[in-house]
Amino acid sequence: MSDKPTFWQTLMSVLASFLGVQSERNRQRDFRTGRPLHYILTGLLMAALFVIVVILLVRWALSLAGA
Amino acid sequence: MGRTIIKTIVSGLALALYSGAVSAEWEVNLTPGVTDISSSVFDLHMTIFWICVAIALVVFGVMFWSIFHHRKSRGAQAHHFHENTLVEVIWTVIPILILVAMAVPATATLVEMYDTDEAELDVQITGYQWKWRYDYLDQDLNFFSNLSTPREQISNEADKQEHYLLEVDRHLVLPVDTKIRFLLTSNDVIHSWWVPALAVKKDAIPGFINEAWAVINEPGIYRGQCAELCGKDHGFMPVVVEAVSKDEFQQWLAQAQAEKQAEAAAAERTWTLDELMQQGEQVYVRACAACHLPNGEGVPGAFPALKGSPIAMGDVAAHIDIVLNGKSGTAMQAFRDQLSATELAAVITYERNAWGNSLGEAVSPAQIARLLEPSTGEAEQ
Amino acid sequence: MSTQEANRRLVRRLVMGAVLMFGFGFAMVPLYDVFCKVTGLNGKITNTGPVAVAPADTSRSVKVRLIAVHNEGMPWEFSPKDGVLRVNPGEMKQTAFMATNPTGRRMVAQAVPSVAPAEAAEYLHKVNCFCFEQQPLMAGESVEMPLLFVIDKKLPEHIRSLTLSYTLFDISPEVSAADQTNKEQRL
Amino acid sequence: MSTLDTTLEQDTHAHHGPAKGLGRWLFTTNHKDIGSMYLWFSLLMFFIGGCMALMIRAELFQPGLQLVEPGFFNQMTTMHGLIMVFGAVMPAFVGLANWMVPMMIGAPDMALPRMNNWSFWILPFAFAMLISTLFMDGGAPNFGWTFYAPLSTTYAPPSVTYFIFAIHMMGISSIMGAINIIATILNLRAPGMTMMKLPLFCWTWLITAFLLIAVMPVLAGVVTMMLMDIHFGTSFFDAGGGGDPVLFQHVFWFFGHPEVYIMILPAFGIISQIIPTFARKRLFGYASMVYATASIAILSFLVWAHHMFTVGIPLAGELFFMFATMLIAVPTGVKVFNWVATMFRGSMTFETPMLFALAFVVLFTIGGFSGLMLAIAPVDFQYHDTYFVVAHFHYVLVPGAVFSIMAGAYYWLPKWTGHMLDERMGKLHFWLSFIGVNITFFPMHFIGLAGMPRRIPDYALQFADFNMVATVGAFIFGLSQLVFLWNVIACVRGGRKAEARAWEGAEGLEWEVPSPAPYHTFSEPPKLPESLR
């Protein structure tokens with residue numbers, strides 16, 4: 001098993017950070033082998049995604065409300 | 001020490017609970033108000049409040065339990081655990097679920113507030129430093145609403161009355177059971193028109209129009225205030241809404257229009273200097289004293305003195321011009337729409353004859369009325 | 001020394017970041033306009049100019065209220081010709097605002113439009129409007145300022161009334177003295 | 001001096017003790033000197049801003065105008081806000097970072113010592129300029145610390161120009177401070193002190209520093225736009241010239257909301273240092289804390305318009321900012337849970353720093369709850385710009401940020417001075433502050449809900465009782481800070497000798513050096529102690 005975090009693992013770490021929950025083991029992995037730039041980029045990407053998700057949520061709520 | 005904190009919190013909560021019961025006298029909680037919207041806002045408020053209380057009880061409960069039991073003085077040994085992903089996920093997911101549960105009714109209420117159906121009555125509300133102007137757009141009626149609390153009460157020279165600082169010279173009279181749209185804008189800085197009982201708070205922004213609406217369910221007098229810092233007398237521009245039955249509203253409209261006609265007629269008769277001075281002082285206190293001060297001395301660096309000023313002592317035409325049309329780029333407003341011809345004549349006369357500015361001449365209301373003339377017809381459209 | 005090198009590089013980057021964010025603060029001005037155009041955030045009307053004529057949607061009508069507002073220190077008489085208009089979406093509507101300068105001096109005004117609800121702003125299409133230009137008036141002069149507009153047929157069903165306000169700002173002091181003398185020379 | 005320190009001094013060639021006299025403070029590049037100056041400066045500002053707060057509260061003791069004119073009252077609210085935010089809270093955190101970050105990561109000093117000196121010495125000038133506006137014609141800025149246009153542009157007193165330059169200087173100082181902290185944490189860590197071993201105080205400050213670099217320039221931008229509107233005829237915020245006063249609020253809150261987190265994230269860091277020490281147990285969920293801090297920082301850029309629910313944002317925008325704001329509550333909540341879990345089954349003692357930290361957890365959480373209530377847009381129409389909001393942000397900032405600073409000061413004073421604190425006086429200060437703060441700010445929830453707008457110098461009679469209570473509380477809280485001053489001075493002057501590890505449960509590099517910390521620490525990179533390896 002490679003020690004380098006895969007894209008998937010990076011993604012999960014960033015998602016975990018949005019919730020504010022992360023396990024010690026994953027953190028160790030992130031900091032030992034991950035590259036900060038990857039996390040920052042993924043973080044910004046996820047922030048953009050977050051905005052889109054909230055916008056979709058708003059649209060959905062509005063369509064439900066019939067407005 | 002835990003006990004004291006708990007006591008503080010419990011007594012705080014008790015106070016909050018108690019408040020619900022006696023809110024009428026004590027005024028420690030939000031008003032349920034008199035519209036359907038305001039009561040759903042109140043329900044939302046109470047729901048989120050109780051949710052917060054429940055979460056607080058759990059979190060602080062655990063915290064104080066460990067403060068009691070896991071203290072070194074009771075021989076507690078530290079247990080060295082410092083993570084548990086499952087627990088963390090659980091205490092993250094539960095708040096999210098609570099928030100979703102909260103968001104649903106909040107969204108529904110918000111959508112209702114943004115209703116854009118046609119209203120039966122449109123009222124334009126314009127914020128001025130430091131008063132409100134109300135225009136009944138289809139009823140050919142508009143007026144300013146100024147604070148009517150006497151200065152002596154504010155400066156503690158007289159006893160304060162029940163509605164201290166929440167009383168105005170002219171109420172915004174509105175019919176009940178009628179959909180009313182408020183169109184808000186401002187003449188100068190940003191104000192915010194707020195009546196808690198209607199759950200309406202909207203900013204009045206210069207150059208922009210905002211809207212809000214209400215259907216008032218119960219007749220009564222509802223008081224509010226300007227909510228956005230708008231300068232010196234921000235605390236002195238209350239809102240008073242008087243909700244009356246539809247019939248009474250029609251009567252009130254007719255009466256208000258008749259009064260306006262009578263006022264126009266009054267301008268045509270001859271006024272003595274004493275009469276003008278007497279009325280002028282009242283108008284001055286209401287409309288001018290906030291900046292130029294009751295003694296006419298102004299505020300150096302902000303508002304010029306009128307006492308001995310070249311304008312109040314100089315050419316009468318220039319004096320009339322600045323009062324009617326204001327001065328660009330300063331806080332001096334154009335008063336031509338704000339005061340009647342008689343009031344304008346009176347206040348100019350007053351300024352030219354008060355505080356030792358003794359010119360002895362009177363400006364006649366008829367003279368001012370002529371200056372206003374080409375306008376009056378169009379302005380009331 | 002490598003730490004010093006690293007420090008210098010980092011400082012360069014961070015300062016660049018700060019400068020960028022300073023620029024971003026200013027970029028927010030045009031960004032905000034674009035954002036408003038997309039979302040109708042502030043009720044500013046951005047659709048102007050000619051439109052293709054299309055048959056009006058007569059199945060519904062919208063109540064359009066026109067209001068005139070004075071900004072501070074603006075003594076002009078200013079009022080809409082029609083207070084309320086009933087407009088079918090797609091229909092070209094003509095109206096006007098009346099203005100009089102009652103003062104004894106030449107003044108220049110700028111009318112600033114705004115729509116409530118803000119959501120409706122993107123559906124209000126102005127074909128011709130006085131707010132496009134600064135409006136000078138000589139002492140005592142009056143003018144009728146025309147307004148030609150269309151409400152887009154795509155206006156959401158739930159918007160059944162909207163308000164178009166014009167606020168008149170006195171920009172005489174801003175219109176520079178040089179500009180004024182130029183015009184007077186031409187006259 | 002201890003042996004360890006003596007060897008360090010001998011090992012490193014040209015190190016001296018501090019210079020003598022005024023020159024020491026003017027030209028110092030020593031992180032401990034600069035940290036002390038920051039802390040003293042912020043304490044001074046805290047007292048100046050506090051006097052203004054007391055003036056406000058005294059005027060509000062009873063209905064009617066008794067002491068000050070409404071115009072002056074507005075100057076007081078404005079200056080109180082500006083001084084507390086930019087003069088007291090932010091420099092205090094920078095001061096703590098200056099003292100502790102190098103010692104926590106085993107660095108000899110800050111990465112950029114000369115810039116460090118500048119970034120401090122700009123501040124006294126900036127604030128002298130700001131405070132001097134009080135004596136100018138037309139008075140000091142009177143438009144609130146949020147300085148909404150056009151009240152702060154077209155309608156501002158002439159002193160606004162000085163205010164703008166003062167803000168520029170504070171911004172430059174903050175940015176330089178932030179750059180320094182980032183450079184120190186990223187480049188000067190002792191061998192073996194990896195990012196994942198970084199104490200949480202360093203982590204939260206690192207993230208705060210990035211926030212500062214991102215938003216202080218935006219603040220500088222917005223005041224520059226004001227300056228141009230006032231003096232150069234542009235109209236960014238003037239509707240008459242094609243601008244938009246609401247744009248001001250968007251740009252301001254794009255700075256302002258992250259600013260709120262700038263003032264609370266370092267507080268989280270301090271509390272996360274103190275609670276484990278006195279619970280004698282490692283911080284629960286260290287990883288989660290770091291990740292939650294990072295995500296709060298990112299999300300703080302996406303919620304700014306919840307300060308502007310009443311300006312007339314369309315429904316969709318309103319919903320977006322409501323949902324986003326509610327979601328940001330989650331990572332903040334996680335932090336509180338983690339602190340509670342750290343205490344759970346620990347072995348707690350309750351010295352003064354711990355008392356402040358516990359009060360922080362409880363009272364900050366109460367502030368968080370009112371924040372959650374404010375996030376609900378339809379209800380916010382009732383809360384907005386009332387004393388409920390005043391109560392909310394004072395709960396977050398006073399028993400939040402300020403208590404954390406005091407907790408930090410008490411926690412690290414033994415390290416700074418070499419003397420233990422007089423616990424009796426510390427506890428007296430704590431209890432007076434705790435009671436005072438609650439008597440001051442809790443009733444504000446009630447008067448806000450009952451309908452009292454903020455920033456008014458006089459109020460209707462039904463608000464009289466609670467205003468009186470709040471004023472009494474404010475004076476209790478204000479005067480009890482003199483006990484703090486006394487404590488600090490007493491601790492500097494003497495007291496029981498502190499050991500290197502001043503607190504029994506304390507972990508970390510800063511506790512490996514003697515108390516007081518020698519003028520130069522870690523001139524040679526240290527070997528990490530067992531607990532950090």
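These residue numbers are counts, starting from 1, taken along the chain as shown.
Using N, Cα and C of the backbone, Cβ positions are placed for all residues, glycine too.
Automatic, uncurated: that is what TrEMBL annotation is.
What TrEMBL says about this one:
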DOMAIN    D:25-529  domain 'Cytochrome oxidase subunit I profile'
REGION    D:513-533  region 'Disordered'
TRANSMEM  D:38-58  transmembrane segment
TRANSMEM  D:78-99  transmembrane segment
TRANSMEM  D:120-140  transmembrane segment
TRANSMEM  D:160-188  transmembrane segment
TRANSMEM  D:200-227  transmembrane segment
TRANSMEM  D:247-271  transmembrane segment
TRANSMEM  D:283-305  transmembrane segment
TRANSMEM  D:311-334  transmembrane segment
TRANSMEM  D:355-377  transmembrane segment
TRANSMEM  D:389-413  transmembrane segment
TRANSMEM  D:428-448  transmembrane segment
TRANSMEM  D:468-492  transmembrane segment
Stretch in D:38-58, D:120-140, D:160-188, D:247-271, D:311-334 most in contact with the transmembrane segment (D:389-413), if contact is a CB pair under 8 A: D:247-271
Candidate ranges D:38-58, D:78-99, D:120-140, D:160-188 - greatest C-beta contact count to the transmembrane segment (D:247-271) (under 8 angstroms): D:78-99
The transmembrane segment (D:78-99) versus listed stretches D:38-58, D:160-188, D:355-377, D:468-492: most Cβ pairs under 8 Å: D:38-58
Chain residues in Cβ proximity to the transmembrane segment (D:200-227) (below 8 Å; excluding those fewer than six residues from its ends, i.e. six or more beyond): 93, 96-97, 100-101, 104-105, 147, 149, 152-153, 160-161, 164, 167-168, 171-172, 174-175, 177-179, 181-182, 185-186, 234, 236-237, 248, 251-252, 254-255, 258-259, 261-262, 265-266, 268-270, 272-273, 283, 286, 289-290, 293-294, 297, 300-301
Counts by DSSP class (helix H/G/I, strand E/B, coil) across the region 'Disordered' (D:513-533): 3 helix, 0 strand, 18 coil
Within-chain partners of the transmembrane segment (D:38-58) [C-beta distance under 8 Å, separation at least 6 from its ends]: 66-68, 73, 76-77, 79-80, 83-84, 87-92, 94-96, 98-99, 120, 123-124, 127, 131, 402, 405, 409, 440, 470-471, 474-475, 478, 481, 485, 488
The domain 'Cytochrome oxidase subunit I profile' (D:25-529) [mean pLDDT, rounded to integer]: 92
